[in-house]
Structure formats: C-alpha cells, structure tokens
Amino acid sequence: MLSAKTIEIVKSTVPLLQEKGVEITTRFYQILFSEHPELLNIFNHTNQKKGRQQQALANAVYAAATYIDNLEAIIPVVKQIGHKHRSLGIKAEHYPIVGTCLLRAIKEVAGAPDEVLNAWGEAYGVIADAFISIEAEMYEEAAHKEGGWKDFRNFVIVKKVKESDVITSFYLKPEDGGKVSSFIPGQYVTIQINIEGETYTHNRQYSLSDAPGKEYYRISVKKEKGVDTPDGKVSNYLHGHVKEGDVLPVSAPAGDFVLNMDSTLPVVLISGGVGITPMMSMLNTLIEQDSKRNVYFVHAAINSNTHAMKEHVKAVENEYEQVKAYTCYSAPTEKDLEMKNFDKEGFIESEWLKTIIPTTEAEFYFCGPVAFMKHINAALTDLSVKQEHIHYEFFGPATSLQ
C-alpha cells in the first residue's frame, strides 16, 4: 500500500511525464538494451526503430502516474499489456531490471531528485506486482487448458497458401503431434523467427485467421514492402524462405480483442487490408457455431489483387442468409471496374455505413492500419454507436484513435 506522500509525489510528476515521457522511455530502452542485450530476443525491433514502443510505454507510465491513487482504473490496460507479455515470454525476473533502467532514465532526462525517484521506485514496485500477478494467472491458464502449453512450442508448417498478391496463409500443427488449445476468435499467437545472419531472434504476433476447434492454427501474413525495411524483414522472410515442413516456435493464443459470444446483437466486422485476419476467425466461428446473429462483413482493400479471402467470404454470404458482405476498393483495377466486383470506390464513410448497416445497436469490431482505424472510429462516433459496443485491435503497440 502506497503512502499518501508517495502518491502525492508521483501525481506531481504527471506534467513532467506529459512533456518528457517519450524522451524518458527512449532513454530507458537505450539503457535497457545496452546493459541487457539479451532482451532484444524478446522486444520487437521494428517497433523500437519506429518509436511506437517508446510512445506506448510513455502512455502507460503517464496513465500509471495519473491513476496511482486508483490503479483499478487501469487494470483493463494492464491485462491487455499482460496478454502481450505472456505471449512474448516476459517473466517476473524481468521487472526489477526494467524498474532499475526506468528510474535511471527518469533521473537522467528529468534530473529528478531522490525524493521523486524513491517515490517512483515504490510505485513501480506496486505496479510491477500487479503485472506479475495477472501474468502468472495467464501463464497458468495457457499451460493447463486442454492442448495448452507454457512459453513456446514447435509447430510444423503443414500448408502454405497464397491468399492475394500480398497475403499468404500458414497452417501450423504441433510437431509433437498433440492437440492445440482452443482460443477465442480475435486472439493472436507469437511466432519466433531466426533469420540467418541476424544476431537476435525476431518475435512477431499474428492474429489467428480461422475458427477455433481445428487440428491446426492458421495465421495470414502480409508481405510488407522492402526486404531491407524494418517492417519487411520478417514478413518477406516468411513469404520467401519459410516453406511447408519448416518448424516455428509458437506461443499459446493470447489477446483481449475477442468476439463476444454471449451477446445476441448483430455483429459488424470492419477491416482494412491485413486487418481482415481476426475478422475471418470471427466470421468462421459465427457460421460454424450456427449463430443466427446478423453479420455485416465490411472490408477495404486497394483492389482485388490485394484483397485476401474474397472467394471464401463470398461463398459464406451465398450460403448463409444472415451474412452480408461489402467491399470497398480505394484504387480498383480496370478489371474490377469492368467486373463490378466491389460495392464502393474510395473509402469507408459513415454515410455509406448508414446505408448498408440498418442498426447501430450492434457489436462493432474493426482492425487495420492505424490511419484506417482512426477513420473508422470517427465514422462510428458520427453514427452515435455506443462506446461499449466498439471493439478494436492494434497490430503493434497501442496508440490513440483520437
């Protein structure tokens, strides 16, 4: 339990964190990786280079300071981060290392006096304990459910399927021949990739793109532009070098962006680009479980060449009367225009959504590039969709949709 004095001191640093938060977290990661380079086997190098991880951590530290007198308020965020930590294999012993480096960064960047550093040291201990406790429960649950396991387990790529010019699916089965644990539609797994010539292991999280209850997991990966770009290194390796029969270490499914199976409301699945992957898991689950809920599947792509899984979605729409699918192409090809195989040219807008979705009393799920997600969030706000009915997932560190 933190003293009133400690809480007061930590809360007094909120303006400082607002002003220098990213500077502090940038310095923190420099210290962390300089003194503990082995942790580069866990953290996503791309998010480091782009500054996304630094921003996400700055946001988390700022929230912790703001709500230090009411940490219950940030438990949902702690759980969301906890899912990623469990998926990556972050353990209790990592927290003291992080705490030491964070306090050093606060001192170096802000010139914080000992009184502030001591207060933050106490506060960090309480926050770390919350993470450790929640993540311990997650490790237990993942390991002890049927077909479950702890940390990483080797999976064989039994099938590799090209879904579009830029997206390929990988079907994964356990190398040990055992069962795979079930998951909730919308969840992801972490895969480990060791690229020849690279010093450190690359971890990447990919949404599971099929319904649970199969003998395999399926991930569907977008090939990012440029082999030498941070984004493209792993995705190009998967597309170009990983083949059927290869083995990849995989973590148990994780994540809190999940389909609410208890709701009876209609379901609206809105995706942009590779954001279609968790939506496919949700769609397939709804039809396989014979749900009678109306489903509106809205997808945005550049054109038919980059539009993955369109034949499957069309087949589902044709077979199940409760499913309606709509496609928006930002730059349709001449063939697309000739075939009229899409519903709207340009971008998804609130006025168009109003014409294809008859009610705002529905569960709305969306995923895609950050700019797309900001646009969709604004559109749903325009339509006065209730906040509790809006669900979304970032591919990478969380950011603001405002």
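Note: Cβ is positioned from N, Cα and C throughout, glycine not excepted.
For Y95 (active site, charge relay system), other Cβ atoms within 10 Å of its Cβ number 19. Swiss-Prot lists Y95 (among others) with the feature active site, charge relay system, giving sequence analysis as the kind of evidence.
For the recorded site, E135 (active site, charge relay system), the DSSP three-state label reads helix. Look at Swiss-Prot and you will find E135 (among others) tagged as active site, charge relay system, backed by sequence analysis.
What Swiss-Prot records for H85 is heme b binding site. For the recorded site, H85 (heme b binding site), the DSSP three-state label reads helix.
Under the three-state DSSP scheme, F395 (FAD binding site) falls in the coil class. Using a 10 Å Cβ-Cβ cutoff, F395 (FAD binding site) registers 20 neighbours. Look at Swiss-Prot and you will find Y188, R204, Q205, Y206, S207, F394, F395, G396, P397 tagged as FAD binding site.
The NADP(+) binding site annotation in Swiss-Prot covers G273, V274, G275, I276, T277, P278. Residue density at P278 (NADP(+) binding site): 29 other Cβ atoms are found within 10 A of its Cβ, drawing on all protein chains shown.
Summarising the annotation, Swiss-Prot assigns domain 'Globin' to 1-136 and lists sequence analysis as the type of evidence.
The annotation domain 'FAD-binding FR-type' is assigned in Swiss-Prot to 150-260 on the grounds of sequence analysis. Here the domain 'FAD-binding FR-type' (150-260) has a mean pLDDT of 93 out of 100.
Residues or ranges marked as region 'Reductase' in Swiss-Prot: 147-402.
Among the features that Swiss-Prot reports, site 'Involved in heme-bound ligand stabilization and O-O bond activation' is placed at Y29, with the record citing sequence analysis. Taken residue by residue with DSSP, Y29 (site 'Involved in heme-bound ligand stabilization and O-O bond activation') is part of a helix.
Annotated site 'Influences the redox potential of the prosthetic heme and FAD groups' per Swiss-Prot: K84 (among others), in sequence order, evidence recorded as sequence analysis. Applying an 8 A CB threshold to same-chain residues 6+ apart, the list for K84 (site 'Influences the redox potential of the prosthetic heme and FAD groups') reads Q205, A254.
Annotation source Swiss-Prot lists site 'Influences the redox potential of the prosthetic heme and FAD groups' at E393 (among others). Cβ contacts within 10 Å of E393 (site 'Influences the redox potential of the prosthetic heme and FAD groups'), excluding its own Cβ and spanning all protein chains shown: 24.
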Fewest Cβ neighbours within 10 Å, where candidates are the binding-site residues G273, G275, P397: P397
Output field, FAD shell: CB within 8 Å of site CB centroid, site Y188, R204, Q205, Y206, S207, F394, F395, G396, P397 dropped: E393
For the domain 'FAD-binding FR-type' (150-260), the number of residues DSSP places in helix, strand and coil: 11 helix, 44 strand, 56 coil
Other CB atoms within 10 A, centred on I276 (NADP(+) binding site): 30
Among E135, Y188, S207, V274, the one of these recorded positions whose Cβ has the fewest neighbouring Cβ atoms within 10 Å: E135
Binding-site residues compared (Q205, T277) - the one with the fewest other Cβ atoms within 10 Å: Q205
